[in-house]
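J.: Just passing along the structure, written as structure tokens.
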Amino acid sequence: MLFSKILTSRSVTSCHVISNISRTLQHQTSTRKSTETYPTQNRKPKFDSIHFEESVKPYAEDVILENQYEKLSNMILPLASFSYDEQLKIKQDMIEQSFDQIGRAILWDKRIDSQVLKYVEFQQGPFCHVEPIIPSPLIEHYRSKDDLSCGFGVDGQKTVGFYISPLNNKAFPNTLCIPPTHLKSMKPKHILVTKHFDQFLKQHPLSVSENTNVIKKDQYWRTMTLKSNVHDHLMMIVVVHPQSLSKNEIDQMKKDLVNYFTDGSGRECEVNSIYFQLCTQNRFTSEENPFELIHGDEFIYEVYNDKKFRISPESFLQVNQKGAEVIYRSTLDHAQIDENTILLDIGSGIGVNSILASSIAKKVYAIDPLTMCIEDGKFNAKLNGCQDNIEWICGFAEVHLHRILKKIGDLHGNNTRIVAIINPSRYSLTNNIISALRGLSSIQQILYVLCKTDKQIMHNFYELAAGERSKLKQTGGPLIPTNIYPVDLLPHTTHTEFIVKCIRV
């Protein structure tokens with residue numbers, strides 16, 4: 001066995017260590033009763049989400065008027081046919097399988113640090129232990145944000161919804177756009193606005209995109225994003241390709257949209273904000289293509305854990321407000337922040353973690369690459385009467401982290417306790433960031449907030465836990481994943497948000 005050879009090469013009694021590590025990992029990484037030691041091959045997952053989603057994934061060739069909503073539900077909400085208890089069991093198993101594999105990979109790595117082996121062998125604490133999943137407070141109508149695309153439906157008419165692509169582009173060249181109005185995850189307010197925007201598109205003289213990734217001549221309406229808060233105040237963001245339209249023609253598009261939702265049939269939606277954005281590219285930022293407020297309030301406001309937060313067009317908005325409150329509360333609870341703690345909030349977004357922690361922590365450094373998010377964060381700190389202990393930094397962590405850590409050492413001493421909260425969905429970790437995190441011994445704990453375990457995330461865990469480096473010159477003890485706290489933020493899907501607690505050993 002490979003693992004046995006690794007341990008033997010380190011002059012350790014392999015039978016004793018394998019027995020201890022196997023017993024520890026079997027108890028802490030899953031609920032299986034098997035006494036099997038760590039195998040040389042990965043176990044087949046109890047629920048294979050990839051194969052399952054592929055089995056129910058629809059293709060445009062199979063979609064007709066009578067089954068279009070069922071096909072779309074299979075694609076967007078693949079677990080909707082299961083009871084909610086069954087969904088939670090499926091997700092629990094998926095997460096356990098993922099971290100079982102991550103734990104194996106860390107222990108099998110030839111660069112494994114001796115401190116990690118010692119920690120696991122002598123059962124000094126949990127290792128890749130998945131806690132029971134916390135259910136979502138809301139199971140239906142929970143989505144606070146929906147990103148929809150314009151296109152042509154099964155009947156050939158203009159509409160707005162989600163794309164279903166063909167299996168064979170040559171035999172069936174059309175990508176179909178299916179309205180999402182029957183999805184149980186959508187809020188009633190979002191459904192109402194979507195139906196009205198569908199009617200607006202049908203009566204408007206300008207055409208829609210067949211596919212937002214392939215823009216053709218004389219196709220204008222591209223996407224619509226809906227954001228709403230717990231009070232159903234709603235922001236609508238419409239993206240348009242200008243093609244060769246004149247300024248007067250573009251102004252007429254804006255006027256048509258506003259008139260429909262203020263004086264026309266769409267006024268029953270009571271949309272609070274309408275933003276308009278011109279864009280000729282698939283990927284864009286607000287600096288390149290500014291958002292233009294054409295109706296209503298500049299912002300809407302959301303509440304998380306009794307704090308109020310401003311939401312702008314570019315702000316990161318949690319999809320499930322009630323579930324997000326659980327995530328934020330759990331993250332700070334497990335961070336164990338006190339008056340002697342300095343918090344690094346990497347990928348801070350609108351500043352929820354920073355603001356919630358500011359009343360407890362000694363100092364908070366909030367880092368985000370988006371200017372709008374930093375501006376929102378500063379505003380939200382003042383809005384909630386935060387004490388002046390948050391430093392807002394716009395930029396990428398690899399640029400600023402070394403300077404911040406040096407500043408912390410100069411101001412507070414190198415023995416200060418530092419905790420990092422990292423949201424890699426907004427801020428992926430580079431080798432330079434990992435080197436900095438490993439190198440400062442004051443960082444005793446990292447809280448990862450994740451919604452996936454892809455190759456990049458697994459690589460981050462390897463590098464945080466690995467020992468001797470062949471390419472990266474890093475110092476400091478390894479940081480290993482000990483506890484995983486899953487929260488179901490997206491019922492009826494195969495996705496789960498979870499907090500991974502990493503400690504230094």
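The backbone N, Cα and C atoms fix where each Cβ goes, glycine too.
The annotation S-adenosyl-L-methionine binding site is assigned in TrEMBL to GLN318, ASP368, ASN423. Residues or ranges marked as active site, nucleophile in TrEMBL: CYS451.
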J.: At a 10 Å cut-off from the C-beta of ASN423 (S-adenosyl-L-methionine binding site), count the other C-beta atoms across all protein chains.
T.: 21
J.: Around the C-beta of GLN318 (S-adenosyl-L-methionine binding site), how many further C-beta atoms are within 10 angstroms, looking at every protein chain?
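T.: Its Cβ has 20 other Cβ atoms within 10 Å.
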J.: Between the two most separated Cα atoms in GLN318, ASP368, ASN423, the residues recorded as binding S-adenosyl-L-methionine, what distance in Å do you get?
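T.: For the residues that bind S-adenosyl-L-methionine, the greatest Cα distance is 16 Å.
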J.: If you draw a 10 Å sphere on the Cβ of CYS451 (active site, nucleophile), how many other Cβ atoms land inside?
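T.: A count of 15.
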J.: Taking the Cα atoms as reference points, how far is CYS451 (active site, nucleophile) from GLN318 (S-adenosyl-L-methionine binding site) in Å?
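T.: For CYS451 (active site, nucleophile) versus GLN318 (S-adenosyl-L-methionine binding site), the Cα atoms are 12 Å apart.
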J.: With every protein chain in view, what's the tally of Cβ atoms within 10 Å of the Cβ of ASP368 (S-adenosyl-L-methionine binding site), excluding that atom itself?
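T.: Around ASP368 (S-adenosyl-L-methionine binding site), other Cβ atoms within 10 Å: 28.
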